[in-house]
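Here's the structure, in structure tokens; my notes come after.
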Amino acid sequence: MSEQQNVYPVREDIAANAWADEATYQAMYQQSVDDPEGFWAEQAKRLDWIKAPTRIKNTSFARDNVDIRWFEDGQLNVSANCLDRHLEKRGDQTAIIWEGDDPNDSKHISYRELYERTNQLANGLKELGVGKGDTVTLYMPMIPEAAMAMLACARIGAVHSVVFGGFSPDAVAQRVIGADSKLVITADESVRGGKQVPLKDNVDAALTRDGTDVCKNVLVVKRTGGDIEWKEGRDLWFGDLVDKQSTECEPEAMGAEDPLFILYTSGSTGAPKGLKHTTGGYLTFAAMTHQYVFDYQDGEVYWCTADVGWVTGHSYIVYGPLANGATTLMFEGVPSYPTHGRMGDIVDKHNVNILYTAPTAVRALMAHGENVMDSSKRDSLRLLGSVGEPINPEAWEWFYRVIGNEKCPIVDTWWQTETGGIMISPLPGATPLKPGSATKPFFGVQPALVDNEGNLLEGAAEGNLVILDAWPGQARSIWGDHDRFVQTYFSTYDNMYFTGDGCRRDEDGYYWITGRVDDVLNVSGHRMGTAEIESSLVAHSAVAEAAVVGFPHDIKGQGIYIYVTLNDEIDPTDELKKELTQWVRKDIGPIASPDVIQWAPGLPKTRSGKIMRRILRKIAANECDGLGDTSTLADPSVVDELIEHRVNQ
Ligand code: WT7
């Protein structure tokens, strides 16, 4: 089917000036896998090192010894690479264009201003007793202070852990405890789509939870001036701490393998895990991918619409672009406010050249028709990017035609929180595009497909996506739980990193990601574990048992479908459905809002008591004819009952 799709050849105007054309890509890719040491030693030179590395690659994927080190004897500072080294040439160039939620609110921050403010904050953090190796939790709006906070931590060698501003107080508490954070940086409120979100209130609530007393201070940016509670001795205003500080702060010399940040993400089991990313390899990879995948040219305005709470924001709003001396746009609001044309309006207002967004945003626009972008021309655009979930060919074509005016290549970038940076993606000057395919591996990345037994599949095939050797940007561990890291990623198949994704490779060697093969959901590009939602539900006194599955959703990609078995004597009312919806939103955050709740007097289980999710997924997707073999169920009749009362979405 997809083989008959359109192929978009490389545009000559792009290839002529691109960092890599087809021949360059081939040659560099070959070198990157034949001689990774030589290749990455050369690439590390894109950074300023305090001590240049001599030991380049020292990595093992063996399950009894998972140990990943890049540039291990090198020393550098990430903030110095993102700021100091640009001052001479581009001190007055805009580093960050900030576009507020309100379309009349925007500002430009130069590299010099960003440098000075970051240093002041770094000195402020030191005054609070934060130093090398300490962890700091950030729970912030999309404002420049979020980037400053990340960079200030990096400057003094503190490890940041950014928590997405849409998560609940419990999620904040869990992460403060998990990372042992002595400081939380937040704002009074964030503003999204004209509405205030009470960040400081949420932090207050989080810090009443048991175990959070590790946290000694809360630093608060005044964003809205809204009413907040104040805890003397613990809470401090950002301005009060920072304004008085010196604008010079010596960057800490960090080992290449010292941690830079922790970022929590969901897996198929258990609580979210804090991936540990380190310094030298991460920044080399973030900077290189940003340059090549987006073909970033000096002076261009680049906009990634993600939130800094996700890895995309880390690598492609902050670290990659700033390491490259780019102008990066940071948007506080949502694409639908005040109108659905907002994204295009922002492109025109700031002459954006490169727009990196998510399939769910494209599909949401598509739903509003061909004219949804008519308030803007978007002539400045040169390149488009997609990330977070598979982009269906219809959405790809619409993105290309309506947003990009049929002149911008689309880079569909496959990667993960764990990979630190882009792994499979076209290069705009090198790769003919096939809508829906992430196409080819980036330099140094060796993808492969295996069957369920771990046998490598050759040629055109479909299987589980693994990566055969280490790359500099990958996570090194799970914070405080290396065994879980090994278990999750290196135990399914010998000597391979297992991605959790299914994938097809076509006869041209193009990769087509088919989605998760584990119990992880991807709702609007947000990753969630079914187990997390289930454990939230069973904590409600009315609930005996719950099973959560994804189902195809036109805009979100996947929706959340929940089967709930109630305790005896509890009435299955619509009121209770609403209550359970609120319960999950409060517990995890609005992104985990159930789309459908179905009462399930019984769940399909094997005789050993294991829930057959395969069947529940089929029912949720309304594919009730193809349920397959149900004879192994303890009680096959529960399936008929569920089909009969299936809830239409
Ligand atoms: C999962 C990772 C990568 C940063 C944002 C998400 C899915 C991501 C694509 C893509 C198909 C994609 C995968 C992956 N995914 N990008 N271009 N095509 N699927 O990071 O939250 O760690 O989620 O998102 O399933 O495993 P994340």
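Including glycine, each Cβ sits where the backbone N, Cα and C put it.
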- Item | Record-annotated ATP site (TrEMBL): member among ASP494, ASP501, ASP554 besides GLY388, GLU389, PRO390, ASP412, THR413, TRP414, TRP415, GLN416, THR417, ARG516, ARG527 | ASP501
- Task: Can you figure out which of ARG192, GLY193, LYS195, SER524, ARG585 (the binding-site residues) comes closest in space to TRP415 (ATP binding site), comparing Cα atoms?
- Result: SER524
- CB contacts for TRP415 (ATP binding site) [other CB atoms within 10 A, all chains]: 25
- Restricting the binding-site residues GLY193, THR312, PRO390, HIS540, VAL543 to those with Cβ under 6 angstroms from ligand 1 leaves THR312, PRO390
- Note on the structure: Listed in sequence order, the residues of the same chain lying six or more positions from ARG516 (ATP binding site) whose CB sits under 8 Å from its CB are GLY500, ASP501, GLY502, ASN522
- Query: Counting across all protein chains shown, how many other Cβ atoms sit within 10 Å of the Cβ of THR413 (ATP binding site)?
  - Reply: 24
- Message: Using DSSP, what is the helix/strand/coil residue split across the domain 'Acetyl-coenzyme A synthetase N-terminal' (25-82)?
- Response: 26 helix, 11 strand, 21 coil
- Message: Considering Cα atoms only, can you say which of GLY388, THR413, VAL538, LYS610 is the nearest neighbour of GLY194 (CoA binding site) among these recorded positions?
- Response: GLY388
